[in-house]
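If you check TrEMBL, you get these features:
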- 8: active site, nucleophile (ACT_SITE)
- 8, 10, 178, 182: Mg(2+) binding site (BINDING)
- 155: substrate binding site (BINDING)
Ligand SMILES: O=C(O)COP(=O)(O)O
Ligand SMILES: [Mg+2]
């Protein structure tokens, strides 16, 4: 049985309308109540994940901004990595490209981010990638937002660092995710599971693909791997 659990949020604990699965929450609480560490790992912000961590009842071990930020416990040091200024320069280049065409971009919670820039999927992520080719910026389309993040950062890279702070290794974890931004975490975990809605990239990185989608699939995985 794995020693710990790390999970993506959007599309893995929620459905495609971002509605949280109560069944997945119940399963996570069962882990917490049996002293199994649970890490919430998302492209979203620290404050978003902290609120969810508090209301689910995990212990504040989090990975935010697709691995740009990680923290062990609510009172641990918030480790924010990479050069966000570069991502903001890249974002301005995108604005300059799309605005003349009448295509407006919508930033997501920029004032609460330390490492990346996230914006609405109102423009084509492939076009954004081509536009930024040659710049030291990763373009990540999670299915819920487009992220510009510094090179080398990922949920998997952050998991390796956070696990060390927790006295664990990534191989000690069961990992659950649904999208391309989870692949690095799925590949480094001891066991990788994905719900039925997972993207092709996430499915390719999984050891086990659940029959059920979204949070129901993750609840299914927790019952299976943490009986
Ligand atoms: O913030 C996003 O883009 C998606 O969030 P997730 O990593 O929890 O799926
Ligand atoms: Mg997701």
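A Cβ is built for glycine as well, from the same backbone N, Cα and C atoms used for every other residue.
Proximity of the recorded positions 8, 10, 155 to ligand 2, judged by a Cβ distance under 6 angstroms to any of its atoms, singles out 8, 10 in sequence order. The recorded positions near ligand 1, defined by a Cβ under 6 Å from one of its atoms, are 8, chosen from 8, 155, 182. For residue 155 (substrate binding site), the nearest neighbour among the listed recorded positions (8, 10, 178, 182), judged by C-alpha distance, is 182. Cα of residue 178 (Mg(2+) binding site) to Cα of residue 8 (active site, nucleophile): a distance of 7 Å.
Taking only the Cα positions, the spacing between residue 8 (active site, nucleophile) and residue 182 (Mg(2+) binding site) is 7 angstrom. For residue 10 (Mg(2+) binding site), the same-chain residues 6+ apart in sequence whose C-beta sits under 8 angstroms from its C-beta are 18, 42, 43, 44, 142, 143, 144, 178. Taking the Cβ of residue 182 (Mg(2+) binding site) as reference, residues of its chain lying under 8 Å away and at least six apart in sequence are, in sequence order, 8, 12, 41, 155, 175, 176, 194, 202, 205.
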